[in-house]
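Participant: The transmembrane segment annotation in Swiss-Prot covers 7-26 and is backed by sequence analysis. As annotated by Swiss-Prot, pyridoxal 5'-phosphate binding site applies to Tyr112, Ser154, Thr155, Asn222, Asp242, Leu243, Ala244, Tyr245, Thr265, Ala266, Ser267, Lys268, Arg276, with the evidence given as similarity to another entry. For Lys268, the entry in Swiss-Prot reads N6-(pyridoxal phosphate)lysine, with the evidence type sequence analysis.
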Amino acid sequence: MGQIPRFLSWRNMLVLSLAINFSLILKILKGDRERGDSWDRTAYVSIWPVVSTTASESSSLSSASCNYSKIEEDDDRIINLKFGDPTVYERYWQENGEVTTMVIPGWQSLSYFSDENNLCWFLEPELAKEIVRVHKVVGNAVTQDRFIVVGTGSTQLYQAALYALSPHDDSGPINVVSATPYYSTYPLITDCLKSGLYRWGGDAKTYKEDGPYIELVTSPNNPDGFLRESVVNSTEGILIHDLAYYWPQYTPITSPADHDVMLFTASKSTGHAGIRIGWALVKDRETARKMIEYIELNTIGVSKDSQLRVAKVLKVVSDSCGNVTGKSFFDHSYDAMYERWKLLKQAAKDTKRFSVPDFVSQRCNFFGRVFEPQPAFAWFKCEEGIVDCEKFLREEKKILTKSGKYFGDELSNVRISMLDRDTNFNIFLHRITSSFNSTL
């Protein structure tokens, strides 16, 4: 075995090794940055080189309608439209960021309690006030004589509702059903804890069992965007209405929703998914009490700081609707969704290789005009013999989507997010219009 020269000690060798490795790392990073790869990855896309832009780099949608076909892109990039990350709202909030800025002093939010006189004792009074106000302004939900339950996103509220509505006796787990295509996370959340209170019961369209059941009604529906009502229609059914997308940028507001349990979330109403705040409007006091009990057991309440931020954001949204000199938040959001759906429908018409749903126009009481739904997701169907649309788009187009199988539907369907940043969405349009014909 060779001897290390005396003038090189083990300490010298260690320093030399570290220097060599560090230089290699710098070279790799430099190469990544020169290729334009984003360094700040989120966990769910860490295995793919995803196109990412900062909000300041996003182009306006008005110019996108003219320029997406001229985009210069790296064909090796992966476009991830699998998740509903609402970064389409970044531009609006950057331009209006000052009015939502708030300072939270260090002594604030020390106590667990927000309002000991409220049934939901961890609900911040300011948030409760702004929730009632925004629903009154938009006209999308009845809030009078309702209990407001705040949660860490609507996902926690869904679990709380299952806990509250399930029988707590020896009758066994109650079935939970939803009509296909249903929200892909419902089965996973329902069965993740193997609860003795409830279990996933499958497609509401084919459900025939006797006895009590819980039916989830998502309207507008995720993934296909259609307005929905209950399907089973048995007298023993208990309904949960997920209304996360019942806002005027996505669908006409035809009347205030009036149901026993209604779930909403900041992530899809204002785009603030990272704050993780949702709320339920609950008609029955005992149901609300049990939902609150679940959240007590699960997380001992909900972040006060997040609640205060959402309260501030909702106030700005409501204030903007009364601003006669400028566009409201919902005007901006509607325009963005309208432009994207116009481009996608035109692409489908031009290529004839894929299709998206046709919607019925209705009059929106909020905007005072008639328009078609323009959902947060596109239920995208590959035509002409493509059996597995998700696989085709992933392997041939380098576009990540969510397969229809996760929604209880066919492999020829995929769900595509319409909420990503402009650059990603424009490259997506460019690929499906410029190279669809050459691949098929």
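Placed from the backbone N, Cα and C atoms, the Cβ positions cover glycine too.
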Participant: Could you list the residues of the same chain, at least six apart in sequence, whose Cβ is under 8 A from the Cβ of Arg276 (pyridoxal 5'-phosphate binding site)?
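Facilitator: For Arg276 (pyridoxal 5'-phosphate binding site), the qualifying residues are Thr152, Gly153, Ser267, Ser303, Ser306.
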Participant: Using a 10 Å cut-off, grab the number of neighbouring Cβ atoms around the Cβ of Thr155 (pyridoxal 5'-phosphate binding site), all chains included.
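Facilitator: That number is 16.
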Participant: Check the recorded positions Tyr112, Lys268 for other C-beta atoms within 10 angstroms of each C-beta and report the one with the most.
Facilitator: Lys268
Participant: Long-range same-chain neighbours of Ala244 (pyridoxal 5'-phosphate binding site), Cβ under 8 Å, sequence gap at least 6?
Facilitator: Ser154, Thr218, Asn222, Leu263, Phe264, Thr265, Ser267, Lys268, Ser269, Gly278
Participant: If I restrict to non-local contacts, at least six residues apart, and a C-beta distance under 8 angstroms, what lies near Asp242 (pyridoxal 5'-phosphate binding site) in its own chain?
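Facilitator: Asp242 (pyridoxal 5'-phosphate binding site) has long-range Cβ partners Ser154, Tyr158, Tyr183, Leu216, Val217, Thr218, Ser219, Asn222, Leu263.
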Participant: Considering all pairs of residues in Tyr112, Ser154, Thr155, Asn222, Asp242, Leu243, Ala244, Tyr245, Thr265, Ala266, Ser267, Lys268, Arg276, annotated in the record as contacting pyridoxal 5'-phosphate, what is the maximal C-alpha distance expressed in whole angstrom?
Facilitator: 34
